[in-house]
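S.K.: Mind having a look at this structure? Questions to follow.
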Amino acid sequence: MSSQADARRITAPQIQARKGGEPIVSLTSYHSHTARLLDRHVDVILVGDSLGMVMHGMETTVPVTVEMMIVHGRAVVRGTKRALIVVDLPFGSYEASHTEAFHTAARVLKETGAGAVKLEGGRRMAETVRFLVDRGVPVMGHVGLTPQAINTLGSFKARGRDDAEASIILDDARAIAEAGAFSIVLEAIAEPLARRITQEVAPPTIGIGGSPACDGQILVLEDMLGLGDRVPKFVKKYANLGPDIEKAVASYADEVRARTFPAAEHTYAPRLVEKPAKAS
């Protein structure tokens, strides 16, 4: 593949066309530096409202604002050339009406340069999804555990582990699919349910605590790098950077206190200026 082809930005329709094909690789990112590192290796980068908890120390995603999503979304877009960038619509920015949802989504896309938005909810949000898609906004759905609803759910525990709840989530996924979502995130649901949804809906599914049968997978970058304090069951740590960072900081602190840093190679010598020769 040519370098020119490599530089082309992946689009929502291209992700939608991946149903049943090569698995879709997704991760979160909240700033340009990590986004740049991810860009060559992933298909989708989600600027998730999880940034409230990961980057800003919030207890839940509920306090996250549209302005926060735009700032982080813009940074991620700047750091990438290839991956599809999807930005979460935060709690309270799209639920009241279809018009509110469109204005928020349009603002996010225009001010960040992202290629799609994501919103949470099943049947209750299906008409909103349809309204957005009909007006040119690519929408990624999200069913199962929906963190924005934590105050009504009561916990971050897995969903769909009994027949009644599984039936509700299945109907939610069907509704979002029929409304035109180009993909659907399945978060923290029973594996057989994730497998069944993947088999039954037309858009590709992206699992996070779902099933290996999903059409793709996503994780929070900081969790898989070993930087998260509370790591869910569905996370595999591919690195353990937390202790490495702490060790590096401790070494730096020791050297500063011992005045061994900065050493000579880290400092600048004065520029020597040759004096003009004296006339004889």
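One is the number of the first residue shown, and numbering goes on along the chain from there.
Glycine residues also receive a Cβ, built from the backbone N, Cα and C atoms like all the rest.
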S.K.: According to Swiss-Prot, D49, S50, D88 bind 3-methyl-2-oxobutanoate; which one of K19, K118, K157 is listed for that same site?
M.R.: K118
S.K.: Cα-Cα separation of S50 (3-methyl-2-oxobutanoate binding site) and E187 (active site, proton acceptor), in Å?
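M.R.: Pair distance, Cα basis, whole Å: 13 Å.
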S.K.: If the 3-methyl-2-oxobutanoate site is taken as the center of the Cβ atoms of D49, S50, D88, K118, which further residues of that chain fall within 8 Å of it by their Cβ?
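M.R.: Other same-chain residues with Cβ inside the cutoff are L46, V47, G48, L51, T61, V64, M69, V87, L89, P90.
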S.K.: Compile a sequence-ordered list of residues in the same chain as D88 (3-methyl-2-oxobutanoate binding site), six or more apart from it, whose Cβ lies below 8 A from its Cβ; state 'none' when nothing qualifies.
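M.R.: Residues satisfying the criterion: L46, V47, G48, D49, S50, V64, M69, V117, K118, L119.
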S.K.: Suppose we draw a 10 Å sphere around the Cβ of D49 (3-methyl-2-oxobutanoate binding site). How many other Cβ atoms does it contain, all chains included?
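M.R.: Excluding its own Cβ, the number within 10 Å is 29.
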S.K.: Can you grab the distance from E187 (active site, proton acceptor) over to E120 (Mg(2+) binding site)? Cα atoms, rounded to a whole Å.
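M.R.: That comes out at 11 Å between the alpha carbons.
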